[in-house]
Amino acid sequence: MLAKITRSSFYASRAVGRLSGSIPTSPAALASNCRYIQIERKRTKSHEMALYETVEKGAKNSPSYSLYFKNKCGNVISPMHDIPLYANEEKTIYNMVVEVPRWTNAKMEISLKTPMNPIKQDIKKGKLRFVANCFPHKGYIWNYGALPQTWENPDHIEPSTGCKGDNDPIDVIEIGYRVAKRGDVLKVKVLGTIALIDEGETDWKIIAIDVNDPLASKVNDIADVDQYFPGLLRATVEWFKIYKIPDGKPENQFAFNGDAKNADFANTIIAETHKFWQNLVHQSPASGSISTTNITNRNSEHVIPKEEAEKILAEAPDGGQVEEVSDTVDTWHFIHLK
């Protein structure tokens, strides 16, 4: 049976007392305020407290595998709907949910249709999906994930690209030095964006850096990426251009001739997708393609009691045989561009 709990690497930046203004002392107050519920936690060198943890269900490398999220109170949450977009709105610092760590191939993503939106591996034609290694790249070349509480609206034609949204949370690539873990929630600073046109849909790729990265104080906009990460933007465009070719698909196209837009432009796009998400999570009836079940958005008709969210986790498939990943996943593909 597999029900392993791991800890997020995203930590609170302030002590509990400063978060609340005052610390309740009565047992009733402590019980009613989730921020004071004591949970086992991993600490960084600065002894900051983890805000999120993950729970694995099902067998790894199988369709049953799911990675659920809990907040620091131990409540099951949706990483798409219950984790705030902003870690610090005043400083324009965002939360990023890591779906795919750097150098890995499994195409993991927030499951839009599954209640509480766990991370699952994408399946196509009955098989688990792995991203091909296109020479000279190995797997994903950055930490890859999504910004919570965003949604690229498929009914909206983006004026700057002329294409509709792709019906997903907005994607983000994190370029810092650390290889993150699946399910990590990072605080990131946005540097810019690339506009991938994937099968006729706008698929923004936000470029960001973990605020705890040693270079975070030096990179503040897209021009800084070329200075401190020379070659990375060029490699990023190449990666997105060719990564589907080994699967028999044509090379991807880009808006703006593949040029990256700056941080201000990216922040505007993020704000727009956040508004689309707000409409999504509050719309009635619920979207047929996306589960909007959540526990924190009180004005949403799709909010559920935390006990019901816990039941969803408890009823998720558990156990099973861990499956081996085929050696062919490590194949290097050499691409001839036309």
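Glycine residues also receive a Cβ, built from the backbone N, Cα and C atoms like all the rest.
A quick note: this is a predicted structure, and the numbers were derived from the prediction, not measured.
Of the residues proposed, ASP155, ASP184, ASP203, the one Swiss-Prot records at the same Mg(2+) 1 site as ASP166, ASP171 is ASP203. Taking the centroid of the Cβ atoms of ASP166, ASP171, ASP203 as the Mg(2+) 1 site, the other same-chain residues with Cβ within 8 Å of it are GLU152, GLY165, ASP168, ILE170, LEU196, ASP198, GLU201, THR202, TRP204, LYS205.
Cα separation, ASP203 (Mg(2+) 1 binding site) to ARG129 (diphosphate binding site), rounded: 19 Å. In this structure the alpha carbons, written CA, of ARG129 (diphosphate binding site) and ASP171 (Mg(2+) 1 binding site) are 18 Å apart.
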